[in-house]
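Remarks on the structure that follows.
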Amino acid sequence: MMTKVLGMAPVLGPRPPQEQVGPLMVKVEEKEEKGKYLPSLEMFRQRFRQFGYHDTPGPREALSQLRVLCCEWLRPEIHTKEQILELLVLEQFLTILPQELQAWVQEHCPESAEEAVTLLEDLERELDEPGHQVSTPPNEQKPVWEKISSSGTAKESPSSMQPQPLETSHKYESWGPLYIQESGEEQEFAQDPRKVRDCRLSTQHEESADEQKGSEAEGLKGDIISVIIANKPEASLERQCVNLENEKGTKPPLQEAGSKKGRESVPTKPTPGERRYICAECGKAFSNSSNLTKHRRTHTGEKPYVCTKCGKAFSHSSNLTLHYRTHLVDRPYDCKCGKAFGQSSDLLKHQRMHTEEAPYQCKDCGKAFSGKGSLIRHYRIHTGEKPYQCNECGKSFSQHAGLSSHQRLHTGEKPYKCKECGKAFNHSSNFNKHHRIHTGEKPYWCHHCGKTFCSKSNLSKHQRVHTGEGEAP
């Protein structure tokens, strides 16, 4: 079996002894990009997978902590069973990928297994395009070594030690030379006569050599793919060079001052393939469909990721993750209704709901609102603007929340399920109203007498007592 000397670090990692038969074995050291932040979802997954029993004082605490870490990763309060299943399938799919592909796919942060497959298919098409070729220059041809004796006692002759040129496929012409930078401990077979006796060139049988050269070219193709991945701008591994020492341990060619070889480096990756995914709205192009899907949300205003705590919606899952942390931090500012806030300004905005303070007034009808966003949404009633349209039936809405609720009529989706009684709802506001039955929460209170209510409609009925419009319920 011929030894491959080109590729990424994972490809050139420790191998079985029978495969390490050449005098030119090299070890490539990965250069990790330090200080680069992992995606939030990946960070939570790693915390869950890497949690150790020794991190807790006892088994009960360990189990409790595992539950917390699992919920932070899978987020069952916002994900359906199908979405959680998809996360687990995606994790296992990335696990079974070759390490060089696994690192490349993870850099693109796919949100589903289907998206990961699309990325890999795009990469395959890119590799099949013309121009993705490589050749070894005539003056830099490397010998191909073959192990011909399992006992390690093969005879040697002067003629057998002459290097044979490595014939690469014409498919790889145009990239120029590829070098591998050696690091760590080298395996210097040439300096030990006993090791040299175990290896010699496969020139005894010309027909056998031709067949093996063909298989070496095929093997080189596989390793070239690894080099392509290593050279991608998005990959975490930096470019790597090859530096081969000669038998006497002289200075490597790449490190010779002023030498032509020393000035050569890994060639820049060829221009990537055409960006096939084009936005119909603005004409911007993308290399994969997932990025186009995310970009289109800037035009449609779609926000499919909804916080179950407050109902706020986001266009990207990463933004929802960042927002969700605001519900987990300390909230020193408490309202009489039981809600707490991390900032005093948020408490003041909330209290306007109780005091009915409304500093934002519509110039057309005089109606006032407690928040600026509410005024903007209300103003669309006068302008008739309905920027959110349903793709199924064409119906338009002035608010994204209205579109989201409407679309669930087509899908039948009811993502908000009560853990107490199992009842499901298609909108977070309906779920929150129902949940107060179980918790006894009464967030609406009368500023005249301090009485609290679980719904705003009940508060309105009660306030008629103070205004003289009717009896208290």
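Yeah, the Cβs are placed from backbone N, Cα and C, and that goes for glycine too.
Remember, it's a predicted structure, so these values are computed and weren't measured experimentally.
Residues or ranges marked as SUMO2 cross-link by Swiss-Prot: K27, K221, K232, K349. What Swiss-Prot records for 45-127 is domain 'SCAN box'. Residues or ranges marked as region 'Disordered' by Swiss-Prot: 127-169, 244-272. Residues or ranges marked as compositional bias 'Basic and acidic residues' in Swiss-Prot: 258-272. Here Swiss-Prot flags 277-299, 305-327, 333-354, 360-382, 388-410, 416-438, 444-466 as zinc finger, drawing on sequence analysis.
Sequence-distant contacts of the zinc finger (277-299) (same chain, six or more residues past either end, CB-CB distance under 8 Å): 108, 110-111, 115, 118-119, 122, 315-316. Taking Cβ pairs closer than 8 Å, the zinc finger (333-354) reaches residues 326, 370-371, 441-445, 447, 450, 452 in its own chain, all 6 or more past its ends. Counting same-chain residues at least six beyond the ends of the zinc finger (305-327), those with a Cβ under 8 angstroms from any Cβ of the stretch are 39-41, 75, 77-78, 111, 294, 297-298, 342, 400-401, 404, 415-416, 428-429, 431-432. In the predicted model, the zinc finger (360-382) shows an average pLDDT of 83.
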